[in-house]
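Colleague: Attaching a single structure in structure tokens format; questions to follow.
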Amino acid sequence: MMACLLRVLQRQSAFGASCSERDSVFRLANRAVRNHSTQAAPHFPGMEYQDAICTLNTLQSNASVLQQTSRGQRDPQQQLLAMPGFLERAGLTVEQLDHLNIIHITGTKGKGSTCAFTERILRTYGFRTGFYSSPHLVQVRERIRIDGRPISNELFTKYFWQVYGRLDETKEAHGGTMPAYFRFLTILAFHVFLQEKVDLAIIEVGIGGAYDCTNVVRKPWVCGIASLGIDHTQILGDTIEKIAWQKAGIFKPGVPAFTVRQPQEAMTVLRDRAREIQCPLRVCPDLDRYQTESGELQLGLAGQHQRSNASLALQLCHTWLQRRCGPDSSPALPDPDSSCVLQADSFRPGAAMVKGLADTHWAGRSQTLRRGALTYFLDGAHTHRSMQACVQWFQEAAAQSQRGASGAVVRVLLFNATGKRDAAAMLKLLLPCRFDLAVFCPNITETVASGNADQQNFNVAVETMLTCCLDNERSWRLLSDGGDDYPAPLLIRDGPAPLAERKADSLVFPSILSALCWIAQGRDPVLTDPAQTSPPVTPSMAAKAALLQDAAHVHVLVTGSLHLVGGVLKHLDPEDG
């Protein structure tokens, strides 16, 4: 069946024209992407939020451009060097960024959580915080936060047109160039933080560090590196040493930097880069080294892996506060002859730090949502190490939830992976969770027009997304039972019947909403009536639904992609964040 579907893909264009009934899963998914035009909307005062988002989406790089980047045909260093020019065209200067009192944070796993801990602590002290992160889960404005909340639709719209208008007016004098999607949002965030007069800005690196557009910052107050691992290899390199070199690119001369414990190969590179740049680098202590009057520190984010993120956040906040509120006691520069990185000192966290750690919330990371008989466990793990942490968290959280349950509990995996990531390796890590059903879908929120442009993605062709889902489903079957002699059950009207009379443990859907509605079986009132969003299911899928209908409780783990988690939250908890 895989070969048949691939032949279908080759026959249709990226946005599919006419499809047969047998190809309906592709037709439905393509319809979702066609809903928003990539043509720029005219901009003038009074344009609405969705107009701004539709115009923003025109700055997304298409799949062919991204392929050029992965093949090395675009120089990432040149992309960073272009940032000062774009800032100037937008009415900003690099010198103005020096006044934002920036905390700059990178890493492979945990950088977002570290930022969230850091922001919550300093906000608890009473500072007005700015926080720039990526990606967004439900709405683009989540990426730019003031005092812990995404900026309002009104503020986003106002500042968007200010920045976009200036860039658009000057593009003819600069060869028609406009900044790409992430670069534009970075410029917009700097503009918002300056206009809103924040006391500090916490800036999360997008990808890497050395050539990331956030690295236009010249004088951060302190830098942090969360856990390193293998990810974005097409851009950053395929070894931990190459990735560490890129991440250490955010180091600045004389600016204190902190890192969590890293693999020895990565730590050696970080040490050498710090010595070369003349940046004082320290390794954070274990969280239990911090002494408090109230006993062990409590964290608002679940999972053992959050402990190192919390320690990094404590060091970043402590250093920032020393500079802001006390004498400048920057750490001494590293000894040129030293072969090790010094340990950072632990300290007694103040009440604001203790409260900040406990009150931290970061949607889509080790998050649990309960809806009567259904419990959703959401974690955007998308690397080998983050999936290991996700599995440990889910097994502990699901077991705790199951202890208080009466009746049968069914476990469901809802999975997708994007880009060049090794989905099969991540799925293998999930096997010990012993799922009763595995459901796969692309990062397409729904197959009907929604009027929500925030989650439109033109970076990947629809056929590519759907083919990846089928590949992932096949990998799951091979891993779980060693069999590959029957086709994946698809949400296709009049689709082909299974070749063998055996129970399949996996299904593929054309959108997130159709998958959620099938899993919920009408037991989650928040979800739209599936009859309005999906065609009739096949008999084999209807038979599988009995397992869900008879269960007293259903535990659903959503993982593999932050974009998938965001699409799920759009339907389950659209006001979150």
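Positions of Cβ are set from backbone N, Cα and C atoms, glycine also.
In TrEMBL, annotation is done automatically, which means it is predicted and not curated.
Here's the feature list from TrEMBL:
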- Ser134, Glu204, His232: Mg(2+) binding site (BINDING)
- Arg365, Asp379: ATP binding site (BINDING)
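Just tell me what is around each of these and how deep it sits.
Modeller: Around Glu204 (Mg(2+) binding site), a 10 Å sphere centred on its CB holds 24 further CB atoms from the protein chains shown.
A simple way to gauge crowding: the CB of Arg365 (ATP binding site) has 27 other CB atoms within 10 angstroms, across all the protein chains here.
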Colleague: Test of understanding: give the count of other CB atoms lying within 10 angstroms of the CB of Asp379 (ATP binding site).
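Modeller: Its Cβ has 26 other Cβ atoms within 10 Å.
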Colleague: At the level of the C-alpha atoms, what whole-angstrom distance separates Arg365 (ATP binding site) and Glu204 (Mg(2+) binding site)?
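Modeller: About 16 Å separates the two Cα atoms.
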Colleague: Roughly how many Å lie between the Cα atoms of Glu204 (Mg(2+) binding site) and Asp379 (ATP binding site), rounded to a whole value?
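Modeller: That comes out at 19 Å between the alpha carbons.
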Colleague: Which whole-number value in Å describes the distance between the Cα atoms of Ser134 (Mg(2+) binding site) and Asp379 (ATP binding site)?
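Modeller: That comes out at 15 Å between the alpha carbons.
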